[in-house]
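Everything below concerns the one structure shown next.
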């Protein structure tokens with residue numbers, strides 16, 4: 001049964017149906033768009049390295065980087081590469097692995113039905129051989145080495161490694177050359193069978209499409225496939241300390257000038273649904289009010305020459321981990337880290353209702369503009385859905401957040417023992 005969900009304020013109607021095999025399908029028709037985006041996502045990412053495989057009773061520990069490895073391998077079939085099928089059908093295809101999910105997507109202005117069929121079928125039909133797995137190790141090994149030479153990537157993961165002692169978020173998404181050497185065809189099938197069941201997946205389509213036609217096409221496609229019900233996936237719950245693992249780290253690299261990131265580790269990252277949405281948006285308003293371009297703090301850091309246009313801040317919230325990262329290129333990494341840390345610790349007195357109001361207007365404006373991008377909607381929708389939130393509730397919740405809500409977030413989140421600094425400095 002197709003269920004329309006109305007979002008009157010945004011004038012959007014979302015169509016949803018849960019297939020008999022458990023697959024959630026969502027369609028967002030956009031009349032004025034010429035491009036259609038479809039994203040097929042599994043709730044399986046780099047942090048899912050300890051779990052009970054389908055049909056077994058014991059927890060296993062799989063090699064780091066296997067989710068990303070599997071993403072690469074799914075595109076390869078006995079008779080060639082799926083990327084070529086998409087391009088013959090006038091579509092551009094892509095995929096990515098994050099900490100918590102793996103997504104496969106295409107965008108096209110024509111042949112939407114054929115491309116959608118190709119997307120669903122290739123993801124639901126794995127083909128792994130020992131030979132192709134061995135070959136892929138070399139390719140992904142090169143990718144890993146490339147990231148190892150990227151100072152911004154090393155800085156970002158450096159700050160995460162500083163924060164987390166036990167949680168697998170501290171492991172690079174692609175793993176290491178050593179860890180992927182242990183990946184086998186059988187391990188890939190074991191991960192695939194466990195995490196790529198339709199009941200652990202979501203298909204989202206946005207564009208100038210007819211929701212009834214799309215959903216019945218998916219229904220027909222899924223009806224032909226012999227899926228059986230699957231028990232809930234058991235993942236290991238990691239015990240992680242509240243305080244950061246390391247207060248500071250310096251990485252020497254071939255860079256022109258230093259880079260610095262201050263990390264703030266979330267205290268209680270086990271929120272979902274409306275509670276998480278309110279928390280995340282309150283945190284975003286706080287960071288915008290504290291460090292946005294129109295803030296006194298930004299001006300002071302800029303005038304001292306500590307920051308330039310690379311300065312950025314963001315807050316990542318998932319189930320089981322969460323953190324803010326603030327910084328950029330700087331000639332004075334120590335002073336910048338000290339200033340950012342002290343601004344965070346003084347946030348309670350630096351924030352006013354007026355500053356929150358300005359931040360709110362900016363955030364709502366940016367969000368409404370982003371809703372004109374099918375790519376943005378497609379990539380964000382699933383993340384929200386997997387955390388029991390809705391992308392289309394963002395404006396409503398932003399409008400409701402008060403100064404008191406932001407002060408509560410400051411009380412909960414900001415403490416000296418949850419702050420850490422990572423620096424990348426030139427080899428001298």
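Each residue, glycine too, has its Cβ placed from N, Cα and C.
The C-beta environment of residue 143 (Zn(2+) binding site), restricted to residues of the same chain at least 6 apart in sequence and closer than 8 Å, consists of 174. According to Swiss-Prot, the feature Zn(2+) binding site maps to 68, 72, 143, an assignment based on similarity to another entry.
DSSP classifies residue 71 (active site, proton acceptor) as helix under the three-state reduction. The active site, proton acceptor annotation in Swiss-Prot covers 71 and is backed by similarity to another entry.
When secondary structure is read from DSSP and collapsed to three states, residue 143 (Zn(2+) binding site) falls in the helix class. Non-local contacts of residue 68 (Zn(2+) binding site) by the CB criterion (under 8 A, 6+ apart in sequence, same chain) comprise 46, 97, 102, 140, 173, 174, 175. Listed in sequence order, 136, 139, 140 are the same-chain residues at least 6 apart in sequence whose CB falls under 8 Å from the CB of residue 72 (Zn(2+) binding site).
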